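Contents: one structure, followed by commentary.
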Amino acid sequence: MSTTQGGSNQQDETRRELIIQKFKLFRREGNNLEFVDQSGQKLRCPICGNTVFIEDAERGQIVCASCGYVLMEHILDTGPEWRAFTPEEKEDRARTGGPLERVTSEELVTRIETTLKSPDLKKKLEILKYKKWQQRIRVQTSYERNLVQATHELNRIAHQLGVPKSCMDEALAVYKQVLKSGLVKGRSVEAIIAACLHMACRMQGMPRSLDEISQYTRAPRKEIARCFRLIARELRIRLPLSDPRQYVPKIVEQLKLPGDIAKEAIRVLEEAKDKGLTAGKDPAGLAAAAVYIASLLKGEVRTQKEIAQAAQVTEVTVRNRYKELAKELNIKIPIK
């Protein structure tokens, strides 16, 4: 009896380890979680088939929201043990520095600062000479030099796009795989890192279009798209299909529209998906049309031109998708 129970526990542990390796967090709403694999398939409870799980922080478990099956346990809480209610309290009570970052190549390295207030020109030239030698010593191999160049380019593009740190970390992780695979040889570092960032944003559920990314890099859009397909094929990365709903928050934020516009736009997109209207359509164009419809329904009107600019699509795309959705979903737009 005990042997059978021990075998069952071992099987459960093996299953949980496989889940951790294969799946990653897709959506979080409060304590409710959903996970997907690289192909976009949702993780299902092995007992009841449910796809929604609950995080029990007190017990360190993730359980099925339907039947209570324990999917993962012994999850460590990496947050602080203290509580803070203001930014000042948080700063006062923190006892550690920031974590090491993948997006920087200067972890735990003392840098020679060249911005001196001293007017002494001789001193400044001496410091610049030391700085130059420090850079030569630190970056020795071609791999390191390439990585530093890519990191600087990634930081520049990401800053222009306003993407979060998680996307930058993911992009650099993908780029390191590309670099180790020898795919960078003979290709533009700018195009490769831009393709990695596009891929990372989709992985993190915060997509940025190739048109949007190509605005902030010297690499042409076609070259970035070519590199993107090469990376996905050679590294066998299967990305989930772009969800139009993921484009809505960015459009709404840029247009400074209220939150209920986003909710209404997402409702329109979900209804369109149920009726099979989203297949084969540009997700950014669909999201733009849904936001336009929501703005008309809620009385927070924005022009098609404004919405097209926020979504990085053409006015014609917004107009065509708007007409399709309004007709097929039988949406009555109030005339003012």
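Placement of Cβ uses the backbone N, Cα and C atoms for every residue, glycine included.
Copied over from Swiss-Prot, here are the features:
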type    : residues                   : note
ZN_FING : 41-72                      : zinc finger
BINDING : CYS45, CYS48, CYS64, CYS67 : Zn(2+) binding site
REPEAT  : 152-235                    : repeat '1'
REPEAT  : 246-327                    : repeat '2'
Could you tell me the mean pLDDT over the zinc finger (41-72), as a whole number?
79
Give me the count of other Cβ atoms within 10 A of the Cβ belonging to CYS48 (Zn(2+) binding site).
12
Taking every protein chain shown into account, which of the binding-site residues CYS45, CYS67 has the largest tally of Cβ atoms within 10 Å of its Cβ?
CYS45
Compile a sequence-ordered list of residues in the same chain as CYS64 (Zn(2+) binding site), six or more apart from it, whose Cβ lies below 8 A from its Cβ; state 'none' when nothing qualifies.
CYS45, ILE47, CYS48, ASN50, VAL52, PHE53, ILE54, LEU71
Given the Zn(2+) site residues CYS45, CYS48, CYS64, CYS67, which other residues of that chain have a Cβ within 8 Å of the mean position of their Cβ atoms, reported in sequence order?
PRO46, ILE47, GLY49, ASN50, ALA65, SER66, GLY68, TYR69
Quick one: DSSP breakdown of the repeat '1' (152-235) into helix, strand and coil?
60 helix, 0 strand, 24 coil
